[in-house]
Amino acid sequence: MELFSPVGLRVWSWVSLVLLLLNSGIVLSDSRYLIGLGSYDITGPAADVNMMGYANSDQIASGIHFRLRARTFIVAEPQGNRVVFVNLDACMASQLVKIKVIERLKSRYGDLYTEKNVAISGIHTHAGPGGYLQYVVYIVTSLGFVRQSFDVIVDGIEKSIVQAHENLRPGSIFVNKGELLDAGVNRSPSAYLNNPAEERNKYKYDVDKEMTLLKFVDDEWGPVGSFNWFATHGTSMSRTNSLISGDNKGAAARFMEDWFEKNDIDSLYADEVADGIPRRVPDIIPRVPSNHHELLELAASFESSPGRPATKMLSVARRVRGDVRQAEKPGFVSAFCQTNCGDVSPNVLGAFCTDTGLPCDFNHSTCGGKNELCYGRGPGYPDEFESTRIIGERQLRKAMELFNTASEQLNGRVDYRHTFLDFSQLEVTLPKQGGGTEVVKTCPAAMGFAFAAGTTDGPGAFDFKQGDDKGNAFWRLVRNFLKTPNKEQVNCQHPKPILLDTGEMKRPYDWAPSILPIQILRVGQLVILSVPGEFTTMAGRRLRDAVRTVLTSGNKEFNRNVHVVIAGLTNTYSQYVTTFEEYEVQRYEGASTLFGPHTLSAYIQEFEKLAHALVDGQTVEPGPQPPDLLNKQISFLTPVVMDATPPGVNFGDCSSDVPKNSTFKRGDTVTVVFWSACPRNDLMTEGTFALVEILEGSSSWVPAYDDDDFCLRFKWSRPSKLSTRSQATIEWRIPQSTTPGVYRIRHFGAAKSLVGSVRHFTGSSSAFVVE
């Protein structure tokens with residue numbers, strides 16, 4: 001064949017394209033699926049609402065560390081099944097949320113997306129607004145149901161799924177695995193050690209260190225997304241934090257998305273990745289004056305801008321992410337998902353007593369008999385923001401490594417199985433020692449005394465302690481005012497001493513769930529087990545092994561290379577699942593295993609049934625439907641009555657400006673305070689309350705950082721709970737990568753009048769120099 005004939009030229013063109021793609025780190029493949037990804041803001045109310053996770057009634061939202069998102073992937077066979085996985089920057093999934101999301105999808109798409117093929121999972125941040133679950137025990141500290149929290153999550157999930165659906169295009173998926181050693185430790189090692197020695201000896205660590213990552217590659221655009229599963233709690237931010245935050249997993253997702261928004265594929269594999277974590281740096285090359293004196297002169301011409309009216313959409317229009325994204329290309333979506341994190345803490349330095357500095361008691365996590373003084377320490381101790389960044393960056397580094405080297409392509413069918421089960425009375429068949437079987441039952445939900453002790457990530461109160469299998473008379477008396485458990489329940493839950501008999505408490509409506517979903521999603525050789533709770537390390541290992549055994553012993557469609565991952569806190573929430581042996585110790589996780597000592601065995605039995613049905617191509621019964629309790633919800637959260645400012649002051653005026661003719665260096669913190677209004681008046685969804693702008697030329701202000709950035713914090717405060725006046729403090733920690741130039745800080749808000757109308761406003765600080 002002539003090298004430069006028309007045919008030869010076409011061959012050389014293909015060879016050149018192959019070399020180019022290989023050189024850029026993109027794995028060539030023939031697409032087997034339609035893939036679509038989507039992402040939407042679910043940040044919620046940044047004021048007055050209790051945060052979900054620590055059950056600390058004093059932890060009330062008062063600002064934003066960075067925003068929360070719902071991130072979705074859809075995988076479909078061109079003419080067959082499809083599955084949807086949604087990862088929420090939220091503490092956990094909610095049954096009521098999923099019910100309403102499915103209702104909306106049904107009205108939009110018919111039976112294309114149902115409860116069976118849609119999974120909604122939470123990353124378990126403890127720094128998101130609460131009040132969006134439907135069972136009483138999970139909304140006590142939020143003063144009941146918070147409609148605003150609920151609505152923004154439902155809206156965001158729906159919109160992220162719609163985005164993913166509209167982005168469906170031919171593409172390929174690659175899977176990779178690797179160990180991440182320094183992002184999680186076991187916070188209940190005494191319970192883990194109660195597992196059989198021969199079982200523990202099979203594993204190198206007492207927590208799972210493996211990350212499983214999916215790489216999504218669009219046939220035209222190349223890499224468009226990445227989802228991974230790794231076990232570590234979303235508790236780098238403490239129980240006293242009041243800023244909305246995605247914690248370490250949300251931070252990792254933000255960092256990875258920012259990298260792909262700002263770098264081409266070549267730079268992903270450059271050497272600097274090993275040493276430099278991506279930061280959001282806008283595609284701005286301003287005409288910067290050549291010397292500091294000129295910069296100061298330019299900055300001096302821009303004094304603070306008085307507060308003035310603004311449109312609702314101005315905040316959205318000025319956000320950085322919208323400013324830098326290529327309009328014709330789908331944005332890169334990265335999700336750091338949760339798995340069996342039940343006993344895994346990101347506070348990797350260990351747990352220490354705040355009074356003595358000594359390690360906490362090993363068995364009970366107490367200090368002098370008190371749990372309140374025992375706290376885990378993150379790698380950035382004592383700075384929780386730094387700990388969040390470090391654990392997030394560690395997950396990011398591993399994810400980027402796995403993304404770079406992913407070469408195993410998913411292939412095979414897309415499929416799913418789903419059922420509901422009544423865990424309050426599930427019969428479980430167990431092998432007996434010496435042969436034969438016995439039938440045991442799960443119990444109605446109940447929480448033990450050690451639940452109230454909390455964990456080293458967030459200690460409880462009073463005289464509760466972990467490892468308590470006795471309880472005490474005083475708290476039993478208090479419990480009995482609510483509900484006295486009957487003898488059958490006490491025996492069923494043994495050795496757990498019951499503090500709250502939540503499964504049998506029905507006033508004003510159900511305190512805890514009893515009907516739970518279990519689900520399997522399959523994409524080729526990847527199998528996702530959707531579980532509605534927090535499995536401990538060993539509980540997760542047993543479940544994965546049991547399902548893997550079923551899959552690989554079936555019709556041989558699966559081999560030992562099947563990838564089985566657990567998606568924790570998915571579709572609804574029912575607290576913890578421990579092994580039988582860990583349950584006996586009654587640390588926090590065992591006390592929070594609602595359905596008794598055989599809960600894990602019940603899950604294994606029922607997931608094995610789903611796996612058999614998946615392998616054999618059989619359908620499964622839908623099971624009993626969970627209740628929709630929306631119309632029964634009660635809320636004691638008072639509405640915003642009105643906002644006001646001092647006489648002669650406008651909303652958006654600076655209360656505390658930057659110093660005149662000020663210069664800051666990278667690494668410094670710039671702080672500006674504005675007269676503001678309650679953030680509940682407008683959540684600024686897909687917008688921002690805070691903005692850093694850089695001067696381009698001599699008069700054009702360009703967005704540089706917003707409240708979705710790790711370096712920018714929006715803090716809201718009022719002098720007293722009943723005050724109508726409030727202020728917004730915006731803190732910018734200037735990144736080392738910041739472009740020198742002239743900057744200013746801007747605030748967006750919405751104020752409510754006494755008659756109920758809401759008016760949007762904006763204001764800005766004086767300009768300053770960053771050198």
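Keep in mind that glycine also has a Cβ here, set from the backbone N, Cα and C atoms.
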Residue in Glu77, Glu534, Glu621 which TrEMBL records at the Zn(2+) site where His124, His233, Tyr576 also bind: Glu534
Rounded to an integer, what is the Cα-Cα distance in Å between Tyr576 (Zn(2+) binding site) and Ser345 (active site, nucleophile)? 14
Using DSSP and collapsing to three states, where does His233 (Zn(2+) binding site) fall: helix, strand or coil? coil
Euclidean distance between Cα atoms of Ser345 (active site, nucleophile) and His233 (Zn(2+) binding site), Å: 5
Taking the Cα atoms as reference points, how far is Glu534 (Zn(2+) binding site) from Ser345 (active site, nucleophile) in Å? 13
With an 8 Å cut-off on Cβ-Cβ distance and a minimum sequence separation of at least 6, pull the same-chain contacts of Ser345 (active site, nucleophile), or say none. Gly184, Val185, Asn186, Arg187, Thr232, His233, Thr235, Gly376, Thr455, Thr456, Asp457
For Zn(2+), residues beyond His124, His233, Glu534, Tyr576 with C-beta within 8 angstroms of the site's Cβ centre include exactly Gln338, Cys341, Gly342, Val344, Gly533, Gly568, Leu569
Under 8 Å between C-beta atoms and at least six apart in sequence, can you list the same-chain neighbours of His124 (Zn(2+) binding site), or say none if there are none? Gly53, Cys91, Met92, His233, Gly234, Asp247, Lys249, Gln338, Cys341, Glu534, Gly568, Leu569
Could you tally the C-beta atoms, other than its own, that fall within 10 angstroms of the C-beta of Glu534 (Zn(2+) binding site)? 29
